Amino acid sequence: MAFHWQSHVNVQHVGVDDMVLLSKLSDQAIVENLKKRLQANSIFVSFQLKKLKINSFQTYIGPVLISVNPFKQMPYFTEKEMDQYQGAAQYENPPHIYATADNMYRNMMIDNENQCVIISGESGAGKTVAAKFIMNYISRISGGGQKVQHVKDVILESNPLLEAFGNSATARNWNSSRFGKYVEIIFSRGGEPIGGKLSNFLLEKSRVVHQKQGDRNFHIFYQLLAGADKNLRSTLGIGELSYYNYLNQSGVYQAQNTDDAKEFKATLHAMSVIGISEEQQFDLFRLVSAVLHIGNITFVEDKNFAAVQSNEFLEFPAFLLGLSADAIREKLTTRRMEGKWGKQTEQIDMTLNVEQAVYTRDAWVKAIYSRMFDFLVKSVNSAMEIPARDSALSIGILDIYGFEIFDHNGFEQFCINFINEKLQQIFIELTLKAEQEEYIKEGVQWTPVDYFDNKIVCELIESKRPPGIMSLLDDTCAQNHGQSEGVDRQFLTTLSKAHAGHPHLQQGAECFLIKHYAGDVTYHIEGFCDTNRDVLYPDLIQLMQQSTNPFVRSLFPDQVNAGGAKRPTTFSTKIRSQANDLVVSLMKCTPHYVRCIKPNETKRAGDWDERRVLHQVQYLGLKENIRVRRAGFAYRRSFEKFLWRYAILTEQTWPSYKGPPQQGCEIICQSVNMDRGQYQMGKTKIFIKNPESLFLLEEVRERKYDGFARKIQKAGRQFNARKHHAKQKEEACDLMYGKKERRRFSLNRNFVGDYIGLEYKPALQALVGKRERVDFAHTANKYDRRFKISKVDLLVTSKHVTLIGREKVKKGPEKGKLVEVVKRQLELGKIASIGLSPYQDDFLILQVRDDYSSLLETSFKTEFCTAVRLVRQIDWEQEKMGTKLD
């Protein structure tokens, strides 16, 4: 059964698009509904999405949209759908990502509140694509001039640029985001995007030097090698993909559905739009190439110490970085350490072994790449920066790593999953916990719903007192500064002692297991402490500061202190701080949710893994969320705000109400005959159970405003008509004075304009252009060349003079019926003159350039001429016309 993406009226429904309406609520029923809709090419489902928000109103939380990745292009993401969803109430159309985007934008404008959307799901579920659809939609519907358009262009072009440097093809997702980003689009009070801010998290630096089986490195490496022209390839020493150690580890060189050469052009275009100069672009590609060449530097053991295997591989990266090959060799094989002897500090050059040299090389490369990425983020922010934003509004879009569970999970997966736990905690706080707590606080009767609160898992990871996993890891790193061997095992021992018996933690010999909301994940401790230290040795910073290239030096502005500096900030401390800052930002906004589902691991359209989808449905807590929506109230508002919006519904509260706000709310509900079981009065708010009751209030309110609007429009039209006709009379006097004899009664006659009741004749209206204003309409006599008379309707519009006659239908079921037809339609610009005699007659001649003239007779010729003259200057040919008519 085909799914027609038009409107609820024209849609053949498969399953239910609002899962609150499921007849049987279970995880399996949710999975079955998602499957049915995906098979019918309907990838979106909601939890009361079309009912939670009506026009300017929002519920306590934003709506939840469920999106299933179809792994193919879908037909309903065009401008037609954008127009369909713009300004429409959500119940008017099927669930769609555009509905969520439109809802955010309208609520921001009407409620003057910042909005955000949290897009979550595992890797490959379609989060990045959803974020791009939201940004594209908001960019299109928000207005603005040239400056605003530049901001829009920067926001949109930041996607291909950051994807090139921050996304990668993995075994699970051919365009996987390997970093997290929070894009804040800043709007003026008029709704125009005037700036923005981009925050990035957790760039997977380790991917530069190592890729798992089935994965590629970051896209930019493959784009550069595929898309660089001959001169650039020669300058950067670009070779084949298989030549580079950082690209040939997995044997995967081509990503599915990806044209690297074409994407390279898109990256160059994005750089130009954002304002990265051609010189800076060239410097960036020098560094990208240098990273690849550095990866080919290998080491051999020489008397238990590391030595560069071939000095030949030092020359080209040295050229690209503006360094000497000898300096690179020295910094990769030795490390300057500080030692204290009493009160004195001495510097010692320590020779590295092969393992240490490889570690130093890779740490150097990761630092270069991450600082390049930071430069790009800074460039995007500079292009979107605004001087002040105190009174500005914003929409935030969070697109971050999905939850990851691999066969081998390390420190990076630990940090990624911690961020996802924090996001899940926000979801629980706002959709489950806070909602139920508010019912208790307001004294509202309802049925409680049990749910799992993952706060215990978040505290296990980030707590400071008692110390959580991150604090214990930082302490272990601090106590063993500069050591690598045995530190990871020491951390595991400390962890097992501190949290023995914790219900969500289990310890293994070389690993530990956390029971996350999304499933049990085993983390292998190897490399935990080294990765957490996230230290770039001072030697390498000093090396880069010696570069002859100013751009390279600008990426490493660090001050290297010889004296004892304070303890360096660890990676876990940074990510914990970033996560908490992100939570604070999100909690200041009205949140909306897009929960992305990955239907299979094959990445093929049509494949459906029942067990995998069921697992996602369970850990996302969809069933519990639906239960809360069913048991709770679809809408709540403070008495004052409710009264302010709906006071117009009854004369008892409009135009002014002096009584208690709660009593006023009761009066309003009773005025529309709302059932008492449909609403409850809390201590400070009114709660309405079903969305249909809210629809009723909105419809009555809309009818009230329509009535007032019609009265205002009518008064306005009358005023404008009187003003317009007064001007016409003045024009008529000037037009005819001393040129034509006029009857006494016509001198002070009011101009009516419409003498045939055009507004009651839809058949006639259909013959007039949609955007044409009719200034004159009257039935006139038309004379042909034999002076035969025929009746016509003479119309003057803002564009044409039209003659409409009547003819009998000659064929078909309506044969013999009189119908209106256009006899002649003249553009005002083609009328050369209107001829009148100087006598008391009703004749006039329309003279047309390059065409025949028309002889007409109308008793309202003065008004007709005046209506035409307001648009077209008329030449009077009294003597010539008089001779013809005499």
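Cβ atoms are placed via backbone N, Cα and C, with glycine included.
Small disclaimer: the values here were computed from a predicted structure and weren't measured.
Straight from TrEMBL, the features:
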type    : residues                                                       : note
DOMAIN  : 14-702                                                         : domain 'Myosin motor'
BINDING : GLY121, GLU122, SER123, GLY124, ALA125, GLY126, LYS127, THR128 : ATP binding site
REGION  : 579-601                                                        : region 'Actin-binding'
DOMAIN  : 740-886                                                        : domain 'TH1'
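Apart from GLY121, GLU122, SER123, GLY124, ALA125, GLY126, LYS127, THR128, the ATP site neighbourhood in this chain, defined by C-beta within 8 angstroms of the site C-beta centre, holds ASN69, ASN173, GLY402, CYS596, LYS598. Counting only residues at least six positions away in the same chain, the Cβ atoms of GLY402, PHE403, GLU404, ALA518, CYS596, LYS598, GLN616 sit under 8 Å from the Cβ of GLU122 (ATP binding site). The DSSP breakdown of the region 'Actin-binding' (579-601), given as helix, strand and coil counts, is 9 helix, 8 strand, 6 coil. Under DSSP, residues within the domain 'TH1' (740-886) fall into helix, strand and coil as 31 helix, 54 strand, 62 coil. Around THR128 (ATP binding site), a 10 Å sphere centred on its CB holds 22 further CB atoms from the protein chains shown. Taking the domain 'Myosin motor' (14-702) as a whole, pLDDT averages 86 in the prediction.
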